[in-house]
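Asks: Marked as ATP binding site by TrEMBL: GLY67, ASP88, SER96, ASN97, LEU98, HIS99, ARG100, LYS115, ASP159, ASN160. For CYS205, the entry in TrEMBL reads Zn(2+) binding site. What TrEMBL records for 329-426 is domain 'Rhodanese'. The feature active site, cysteine persulfide intermediate is assigned by TrEMBL to CYS383.
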Amino acid sequence: MNSSLPNDLLQLERRVIEDGRKGNSSMDNVDNEEIQRYSRQLIIFDNGLEDQLAIKRSRILIVGAGGLGCPASQYLVGAGVGTLGILDFDLEIEYSNLHRQVLHPHDRAKSLTSKADSAAISLGRLNPNIQIKPITTALTSQNALEIISEYDIVLDASDNVATRYLLNDACVLSEKPLVSGSALRFEGQLTVYNYPPNVGTTYRCLFPDPPPPETVTNCSDGGVLGPVPGVIGTLQALEALKIILGKKESVYSGKMLLFDALNPLNSFRTVKLRPRKAAPIKELIDYEEFCGSKATDKDLALSLLSKETERITVSALSHLMKNEPSTSFIIIDVRSPSQQKIARLNASTPFPLSDMDRKDKIKELNKIIQSGGNELKDILFICRRGNDSQKAVIKYKSMAGSENIRIRDVIGGLHAWAKEIDSNFPIY
């Protein structure tokens, strides 16, 4: 566990969890207390106590203590898995995590408590007889095989492409099933890779090559309704339990479950996946280099433009707004209409990035820009974090570049504006 927790209370809670682990009953039987605790699932098991004992002896690793990992771990601990590893190297809980990462209470946000430790504390309260192993180190090519070797099943509850490829390859080499889930906006997906080991479809069978980094959207960029990862994470726990209980025919191997929260007539659909055909994995590689992106779900800054000629800092933008005539520049906010309603700069003109692909909308934008006349010197695109604004610069330059007007984007976007210029501007 992270040794730098902020107060004595959390230290005490950690010791309580440790004491609970020491008191865990024998792995050779199910005692009376456990029979009472797990009675409602015991009565549906084909093999009764033997099935519960199989769950008790199981060792499961969850990579990610976020929107998927929280509900998955709750149900696995509730079911009585013997050992649960929770790997997450995020050392601080953000307020923006709380609506979906339900293991983390409000008072642990911004408290320098790691997500893995926070999850372990909450899970220890739920079931003190489970061996819970929080892991706060990053999963890398150097340690993945060693970490995974201690577990029977791995749950991918991460939110980045590099980690997905790493987990896929490590599970293939380790011959472990990989229960994969994802959630974004109102939709989610679930499947089980490499099950049975060496036979089942793998992540590389579907995606032999990683997508361009600028096309990847995560929860931070695209948003998500909290219950959606709750649904998928719960189903990940269910798939792990079905694997433990040997219900092979019912496992989502070679199939993918698609969930659409906005489709009441067909919320769940199943599609068949192509058979295993990926080339054999020989060794783990540098996945950040392979994917061209970091192995993190934190806000990542794209670098598509030249900082010297095509980008401007928020400090420079602030100076421009204070000291130059308003007719000499135009600030174009390319966020979606829903985000525009949260907050925006008064001096900005709304024009969603999605409208860049519509000729009629581009004509409207050109009219706005042309209304500035000869005094206009700068077209400045801004967005939430400085990624979409770069895309907007590239798109607009390809359609309507001008030698006399500089077309640039604002580095760091409105996040940078809130942090460096106006602390009252909301960060979301």
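Keep in mind that glycine also has a Cβ here, set from the backbone N, Cα and C atoms.
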Asks: Would you mind checking how many other C-beta atoms are within 10 angstroms of the C-beta on ARG100 (ATP binding site)?
Replies: 22
Asks: Calculate the distance in Å between the alpha carbons (Cα) of GLY67 (ATP binding site) and the residue listed as 'active site, cysteine persulfide intermediate', and round it to a whole number.
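Replies: Counting only the Cα atoms, the answer is 25 Å.
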Asks: Among GLY67, ASP88, SER96, ASN97, LEU98, HIS99, ARG100, LYS115, ASP159, ASN160, recorded ATP binders, what is the largest CA to CA distance in Å?
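Replies: Answer in Å: the longest Cα-Cα distance is 20.
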Asks: Under 8 Å Cβ to Cβ from SER96 (ATP binding site), same chain, six or more residues apart: give me those in sequence order, or none if nothing qualifies.
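Replies: SER96 (ATP binding site) has long-range Cβ partners SER220, TYR428.
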Asks: For the binding-site residues LEU98, CYS205, which one has the sparsest Cβ surroundings, going by other Cβ atoms within 10 Å?
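Replies: Each of the binding-site residues LEU98, CYS205 was scored by Cβ atoms within 10 Å; lowest is LEU98.
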Asks: How many whole Å apart are the CA atoms of CYS383 (active site, cysteine persulfide intermediate) and ASP159 (ATP binding site)?
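Replies: Here the two Cα atoms lie 22 Å apart.
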Asks: Going by DSSP, is SER96 (ATP binding site) sitting in a helix, a strand, or coil?
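Replies: It is helical.
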Asks: Using C-alpha atoms only, work out the spacing between ARG100 (ATP binding site) and CYS205 (Zn(2+) binding site) and round it to an integer in Å.
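Replies: Pair distance, Cα basis, whole Å: 30 Å.
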Asks: In Å, rounded, how far does the Cα of ASP159 (ATP binding site) sit from the Cα of CYS205 (Zn(2+) binding site)?
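Replies: Rounded to a whole number, the Cα-Cα distance is 19 Å.
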Asks: Measuring Cα to Cα, how many Å separate LEU98 (ATP binding site) from CYS205 (Zn(2+) binding site)?
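Replies: For LEU98 (ATP binding site) versus CYS205 (Zn(2+) binding site), the Cα atoms are 34 Å apart.
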